[in-house]
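Only one structure is covered here, and it is reproduced in the block below.
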Amino acid sequence: MARWLPRLADLTRFCQKLNRVKTLEDDMMETSFNRCLSTIDLTLLGIGGMVGSGLYVLTGTVAKEIAGPAVIVSFIIAGFASLLAALCYAEFGARVPKTGSAYMFTYVSVGEIWAFLIGWNVLLEYMIGGAAVARAWSGYLDSIFNHKIKNFTETHVGTWQVPFLAHYPDFLAAAILLVATAFISFGAKVSSWLNHVFSAISMGVILFILIMGFILAQPKNWSSQEGGFAPYGLSGIMAGTATCFYAFVGFDVIAASSEEARNPQRAVPRAIAFSLGLATGAYILVSVVLTLMVPWHTLDPDSALADAFYRRGYAWAGFLVAAGSICAMNTVLLSNLFSLPRIVYAMAEDGLFFQVFSRVHPRTQVPVIGIVVFGLLMALLALVFDLEALVQFLSIGTLLAYTFVAASVIVLRFQQQKVDVPAPAAGGQPSSESHEGPSASELKEYESFSDKLQLVDRDKSKEHREPGQLKAAFEPYLEFLSDFYPGEVVTVAVVTLMVSAICLCSILVFGNTHLHLPTWSYSLLLVLFSLGFLLSLLLIWAHEQQHSTQTFQIPLVPLSPALSIVLNIYLMLKLSYMTWLRFAIWLLLGLLVYFGYGIWHSKENLREPRPQRVSARYVVFPSGSLEERVQAVQPSSQPAAGLPDTDIDNCKR
């Protein structure tokens, strides 16, 4: 029976396979895509992904049902919370200018299986999101024509009464997705130009709304006679913040497009900052004019802006608002169809997904097969499925991606930049560089049988320390941590931080409602998990981190990413249990794909050296440091290259 159980070495090797990280190319600017997008192109892509139908629908819904005029404060807080996640994406997009967004960022820092699951969830998020926006686009246009399209379809095609299927097939939604798919397949420049057109119209309509809205503003609508500025109090503002947070989902299209940016090190951080700032400003100002034009409790949640102009005697303005809403939804459609095939391409290029999706058209320089296949799948979803029950699923995939990207920033910031030892010169003589100690910007790594031997013996008197090492000021108090590999303690601390954040948020969300904890245990658990979170944060901060002046770096690391992690986990736990159930089922399907295909075809799997019998020893000379004087001694009786016979005799003794 025991012989059928896996050995410890096999389990260790299997876990190493699951957590292996992606090896990046030396020249990360080399790509099969067309680097043609400027900062303006990326900024408008980000605005198009964020400023969609939510500007015309979400503002009125939150103002009337959740926060009142204080929806303005909700958008300010939500914008700041989104900024924490956006800055993490900006650092990665500038540092790793490759397509794949959250999937790629997780792969280069956390591990393969986590990256695959992030990519797998983002894939479904974009598919459902694009199909849902297409149905909203269809419904909005149909309402302008008094639902004639819907009535015609129900009369001539019929209706369905099947669970999970729509009441009737939405041919208009499927058609707009197919048209958008055709335009996206023509190349990044055509997609960008089309996005420019729709974004310009949408921003023009927003400007009209703001000008007319401030002209028609009545400050009495914020007075106590109408319920005041914050009728639902602080709880309403925070509940509104949780809803408004999802309005800013979409800036990750910029990170997904970094492989097609001309100068991603500068363009990606700037585009994310500009687009998020403009989107936040648009949401805040539109909320201001909307709640000042009419009393907040009289708003129509389905068409708040159009109804507000109609009630003030400007019915014609409703057509402009409708045009702006349709253009805004077009930009969101383009954003989804633009990002999805590129993430699938990145997964296929790494061997984790089916290889056919890694093909790039030689003329248009875009993954045409991925665009067509997933465009058709998205159109099928919009045609026949009831997406209302699945829309909330979008939130959990986005928040999970934000969480892993924030954790990846911390892990990668405290990792050493590895530089391989130069190969021996012809004739078997070792390169003279292998005898020199590391410079301030380089770490030499020597590999043994385990392929993981890192020589970390450092001169304690040196002031400069490599990333991942304990700071000199903390060494007298945390000397026992000096024996670990650089970055190893930080990785463990990040895991502890995330576990503490999950426990802390679980107590906050479920402690009083579902768990019914007494006050003393509720307070005690909050204190314990808060201490665990803070101690993990301090332990990370006690180590040296990378400092780069060449690319953008998020400030206040590890505090900023840690706050983003806590916020994302809190919002995930606020989602319904049905959302978590669907999420678990989708994860199981993803694991089947990974273990059935991805783990065997992974390029990192092909890079791994095959096990072979190697006999080698390492000799440490007392006259030098461990790092400077490591030489391999051949097991044969002949002297090793570069070592005199006397040294070999000394070693044997």
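Note: Cβ is positioned from N, Cα and C throughout, glycine not excepted.
Per TrEMBL, these features apply:
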- 36-58: transmembrane segment (TRANSMEM)
- 70-90: transmembrane segment (TRANSMEM)
- 102-123: transmembrane segment (TRANSMEM)
- 171-190: transmembrane segment (TRANSMEM)
- 197-217: transmembrane segment (TRANSMEM)
- 229-251: transmembrane segment (TRANSMEM)
- 272-294: transmembrane segment (TRANSMEM)
- 314-338: transmembrane segment (TRANSMEM)
- 366-385: transmembrane segment (TRANSMEM)
- 391-412: transmembrane segment (TRANSMEM)
- 489-510: transmembrane segment (TRANSMEM)
- 552-602: domain 'Cationic amino acid transporter C-terminal' (DOMAIN)
- 579-600: transmembrane segment (TRANSMEM)
- 630-653: region 'Disordered' (REGION)
Problem set entry | the transmembrane segment (102-123) in contact with the transmembrane segment (314-338), cutoff 8 A, at least 3 CB pairs, sep 6+ | no
Seminar exercise, completed: Reduced to three DSSP states, the domain 'Cationic amino acid transporter C-terminal' (552-602) has 40 helix, 0 strand, 11 coil
Exercise. Ranking 36-58, 171-190, 197-217, 272-294, 579-600 by Cβ pairs under 8 Å to the transmembrane segment (70-90), which is first?
Worked result: 272-294
Exercise. Any chance the transmembrane segment (314-338) and the transmembrane segment (197-217) are in contact, meaning at least three CB pairs closer than 8 A with a sequence separation of 6+?
Worked result: yes
Exercise. Do any residues of this chain, six or more beyond the ends of the transmembrane segment (366-385), have a C-beta under 8 angstroms from a C-beta of it, and if so which?
Worked result: 33-34, 127-128, 130-132, 134-135, 138, 164-166, 169-171, 173-175, 177-178, 180-181, 184-185, 187-188, 336-337, 340-342, 344-345, 348, 356-360
Problem set entry | Contact yes or no, the transmembrane segment (36-58) and the transmembrane segment (579-600), 3+ Cβ pairs under 8 Å, gap 6+ | no
Problem set entry | Most Cβ pairs under 8 Å with the transmembrane segment (229-251), selected from 197-217, 272-294, 391-412 | 272-294
Exercise. Which residues of the same chain, at least 6 past either end of the transmembrane segment (391-412), have a Cβ under 8 Å from a Cβ in it?
Worked result: 84-85, 88-89, 91-92, 95, 101-102, 105-106, 108-110, 114, 118, 121-122, 124-125, 128-129, 132, 246, 249, 252, 487, 490-491, 494, 498, 540, 554, 557-558, 561-562, 564-565, 568-569, 571-572, 575-576, 579-580, 582-583, 586
Seminar exercise, completed: Outside the transmembrane segment (272-294), at least 6 residues beyond either end, the same-chain residues with a Cβ under 8 Å of its Cβ set are 39, 42-47, 49-51, 54-55, 59-60, 63, 68-69, 71-72, 75-76, 79, 82-83, 86-87, 89-90, 93, 206, 209-210, 213-214, 216-219, 221-222, 244, 247-248, 251, 254-255, 304-305, 308-309, 311-312
